[in-house]
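Listed in TrEMBL for this protein:
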- 21-41: transmembrane segment (TRANSMEM)
- 122-142: transmembrane segment (TRANSMEM)
- 149-173: transmembrane segment (TRANSMEM)
- 185-203: transmembrane segment (TRANSMEM)
- 266-289: transmembrane segment (TRANSMEM)
- 278-610: domain 'Na+/H+ antiporter NhaC-like C-terminal' (DOMAIN)
- 315-334: transmembrane segment (TRANSMEM)
- 384-406: transmembrane segment (TRANSMEM)
- 426-446: transmembrane segment (TRANSMEM)
- 458-479: transmembrane segment (TRANSMEM)
- 619-641: transmembrane segment (TRANSMEM)
Amino acid sequence: MIFLGSELFFKRILSTISRIVILKKFFLLKLFILLFSGITFSQTIQVPQIVLTNIDFEIKVTDYPDSNSSIPIKIISSEGKLISEYNLIRQENHFTGKIKIADSGKYFAELKGKKFESVINVIPGILSIIPPLIAIFIALIFRQVLFSLLLGIFAGTLFLYDYNPLIAFMRLVDVYVINSLIDKSHIQIIVFTLMFGGVIGLMSKSGGTTGIANLLIPLARNRKSGLFATWLSGIIIFFDDYANTLVVGNLMRPLTDKLKISREKLAFIVDATSAPVASIFLISSWIGYEVGLIQDGFKVIGANVNAYNVFLDTIIFRFYPIAMLIFIPITILMKRDFGPMLKAERYALANGIDAKHSGSKSNDILKSTELFGNEDRAKWFNGVIPILIIVFGTVAGLIFTGIKSLESMGIKDYSIRDIISYSDSYASLLWSSAAACVVAGVMIGTQRIMNLGEIMDACFLGIRSMFLAVVMLTLAWAIGSITQDIKTADYIISVISDSIAPHWLPVLVFIVCAATSFSTGTSWGTMAIMMPLVIPLSFHISSINNLSEADSYLIMVGAISSVLAGCVFGDHCSPISDTTILSSMASGCDHVAHVNTQLPYSIFVAIFCMLLGDIPTAFGFPPILSILLIVLCLIIGLRIIGKKVEA
């Protein structure tokens, strides 16, 4: 019995062990299947949110275990029809390739029988230019910039989110507006703008702005000298386009009002001495960005060049900003204007600056900063010192941040060019504006012009005056993001890039960049899009046409110059550009009136720059002689079509 019981016991133990072994094998098999399936089906695909018909787009597959140098991928329509097949090339830890789809609709990618869930939404290319066009034309027709920007953004989100108006509206708010506000550089610009508004509020309420105007009035005894003073102020504040716009507009407005210079003419000079000046001066917030883009563009073609030297070579070929800066004193000396500007100048000369004509009813900055106080105690240094702190504080900040950045990289031997290239312009502007605000408050308090409560009220009054500008800037950034997501620039490039002769490349690049920057309202965004395209395009076109090294470099420099100059054109005169908006507001001018009066002048100058600058210099004509010819033709042209304001 004991033996039988022991035998039964051992049988049970063996049965249990065998079950454990079977379960272990099953578990290992299951684990193997899971791991194998994970390897086989864990790969992901990355495609753009929207794709344009007949425009190349990039597709990327990650986490694919195949060790081959390429993998085949199929494009399938929503009905399951095979559209095309491509080979994706291995790039480090992923596979990528350029794909083009001819017809609009919804498509899927298929890899070795597996259909990815990501939808490839393809829309007609022409739709990509509708959002910026809506924003531009609605602004010009209805004179409502905020509404036009919102409508343009909404049109873009409709295309991006499958024409669903509810989802498009939600994404407009929680994606594009919010993303515009959380970007660090955007926040820095907003805070600087608000802080500068506080400085303007303190200057105005303490009588500092009036004191500056009173100081300049004896020097600017007539319209000509007043206009020259405004132009020179714009040249002097060269280090940043935002600071230039806000300082010159608010500083000179009281003086130009007394001299019966129209707000439209003031806004034009302010705008024409902001981006054009900052883009070509050797010390400005633009330089590091421009040099960085040039450097990245040459990396695409594998060329190791000194980007700053290339940047210096481009300056003499940037005909539009140079000609625009010269055109302003030409109009002042000749006392001639044309088009809507002539009408605005004659109205101001005959009637002065009234609220209806300046558009102040719709302009918070004008209403707030013109509530001057303490005019009986107006002192010029209460206005000049805060402005000087911003100017010299920004320059000092640029030097400080540039040196700190270079030393952090272990660079001990550097020049002023290197310092500016590696500086942090936004931080410098923030520091200087905050310091100016504090100093202005302390000066006013120690002179007992206002008490502490009045100082705080004046500061916040100035800050509040900038809220509309901040809203407009936010929407301008949002529509810039929209145009980038719906590939507006890619479509514009595709329309004109089919057949380009090398010597015509600079002028064509200028036209494309000007049109793109004007449509999108962003110069920096357009530069970022165009520079990596234009430099390789110039290189390949020159190679195909067997140009000499000297001619190839000439075309390259001309094309790069055209990118930078064309983007300045759009930044200068687009109704949805941030600097155009700030120029209108800082000058107290109706925004649409500013655009309508400035655009004919911008086009007038741009035409001569293309005909006498971009085209002949690409064939070897000296750029200095081109500039002289442009100036001569501007004088002759203004003499023919312009009329005396005081006639």
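Cβ coordinates come from backbone N, Cα and C, glycine included.
Keep in mind that this is a model prediction, so the values were computed, not measured.
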Long-range CB partners for the transmembrane segment (149-173) (under 8 A, at least six residues beyond its ends), listed in sequence order, are 49-50, 121, 123, 127-128, 130-132, 134-136, 138-139, 472, 475-476, 478-479, 482-483, 485-486, 576
Under 8 Å Cβ-Cβ from the transmembrane segment (619-641), and at least six residues away from its ends along the same chain, one finds 316-317, 319, 322-323, 326-327, 330-331, 334, 336, 338, 503, 551, 554, 604-605, 608-609, 612-613
Other same-chain positions with a Cβ less than 8 Å from the transmembrane segment (122-142) and lying at least 6 residues past its termini are 50-55, 101, 103-107, 148-149, 151-153, 155-156, 159, 479, 482-483, 486-488, 490-492, 494, 518-521, 574-576, 591-592, 595-596
